[in-house]
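These notes are about the structure you will find just below.
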Amino acid sequence: MAPPRILLCGDVLGRLNQLFKRVSSVNKSAGPFDALLCVGQFFPDSSDLLEEFTDYIEGRSDIPLPTYFTGDYGAGALKVLSAATRDPVNLGFKMEGLRIRENLYWLKGGGKFTLHGLSVVYLSGRHSTSSQQFGTYSQDDVDALRALAEEPGIVDFSLTGHTNEWPSGVTNGAVTSDLPLGVFDSYGSSSTVSELVAEIKPRYHVAATKGIFYAREPYTNVEAVHITRFLGLAPVGNKDKQKFLHAISPTPASIMAASEIGMKTTNTTLFPFSSVEKATHTTDGAPKRSSDTASDSQYWRYDTSQKRQKHGDSDGNKLCFKYLSSGSCDRGEKCHFQHNEGARDQYLSGVCFDFLIKGKCERGPDCAFKHGAEEEGNSFPSRRPRSGNANSERSRDCWFCLSSPSLESHLITSIGEHYYCALAKGPLVEDHVLVIPIEHIPTTLLSSPECETELIRFQNSLKMYFKNQGKEAVFFEWVFKRGSHANLQAIPILPSRVSAIQDIFNLAAQKLGFKFMVIKNDDSSEGRKMLQMKFDRKCSLFYVELPGGTILYHLVDENEKFPTQFGREVLAGLLNKADKADWRNCKLSKEEEEKTVGNFKNRFKEYNPNP
């Protein structure tokens, strides 16, 4: 397959007629090209060009090929970009760009995404410590990009780094006779960008804002075999007719041979940011990154064995959960538990699970299910009013209720008294686990102390299991106030990515216009207790439990649009698996799921808290 063909452009300054006329001409004569990437200021300098600019934004003029821009400042920017952030199509953590209209995408803040196989890292605007919504990037953006670059191997795949500012010192060691006038001006240069580029090591680095064209000789990188090519582009329509559009057709590093990646040209110079490189190392020579300081084998049954043994009950008096939930049991006559058809019929009709198994329910009138086969509607005298069989209907429709025909019981890996574990449908990664309350409740934060103890036991078991696999556990939950059945998701993460997790979640929050509240506690159970005290049941909530005990949480306002798959989307970006952000893209066949569950249960056997 031929490598992708990309057009690069400097400051557009709202001159879209001139830009797209040139792009169409080049595309016709030398194309077709796959995308146009614009760096520097995209919006007009003044309102004079707003009418022309708005024609493209509102769809009255055509954009000839997919166009991505970074410089989110200038006349009209506030109106256009505010509308884009409110557009439902842009909900979620979209590092691949927010859609403005067909063929036009805004690369907001900082991020990393894949474009036609090319790994693209970008930083939009100018560095600022203010909370200005558009036109600037923050230290959080910088730290997040450093975090994205932290895993070995990923840096080598970053093909294009986009920033609006030139890196300070980029001309060090370059051939002076090739330097254009204005290249030494401090305006449009940033030491922050120098540090970031030295760490990310892109194969191609493109910048604008200095008003000149400059193609630097390739330079070597520290602790990397590939070279970096820096390209400074002039503004569209500049008076000196300096080059503002540049064509490139690089082969993605991910499919290149090691010998190709390490090739150097005869004019390659030494690394120009030597002072930066020294500053990013400690006195003992060890690398230092700023992000470092930023902050079943169980057979399926309802496990009441210990309680029943205290009362002298035998296994023969217990109901087989596998049969109860699915109507079949692969152990057949060898099963030690009852295959009771009458109990299964009651189970499917919405009879309370505790009542069915134990003969009583400690929730009493607060229970959402029937306490007997004869009970219908609100016939239980002290129960809260409900219409018809609404709760049993809810149970039948719920994906996670054990009494529901919709439950895919073959995904279940372990069952306790109050919680059970199952592998995720459409997993983000291998060993993507859900911890689910048996009771139909909207969040695990509403669990009783006894239930919470069992939840912590499940979490600790998963942490130990992941640790043995050489990974760390990240837990997150989306709590929708009108939601149904809670599930706490557990994702294993490589240790090399752990320091990046908080940065990447903070970056995602910034892109959605909010800031996480933080609970710091070495004991995750104590941290959850603190979160429970802060949780307002009148609103929705998202929280994530990081390795080490820190909890990030956000209380979602009534009118706030919050993506339901936020946690998964963020971690998909962190793990460079953007194509798996939607679980529907990751679905397996039932046979594949059963095989995956079997393998997991074998590995998890010694850690299972409910053997």
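Backbone N, Cα and C define each Cβ position, glycine as well.
Matching 314-342, 575-603 against TrEMBL, the residues noted as zinc finger span 314-342. Ranges compared are 201-229, 230-258, 346-374, 404-432, and TrEMBL records zinc finger for 346-374. Note on the domain 'C3H1-type' (346-374): mean pLDDT across this stretch is 58.
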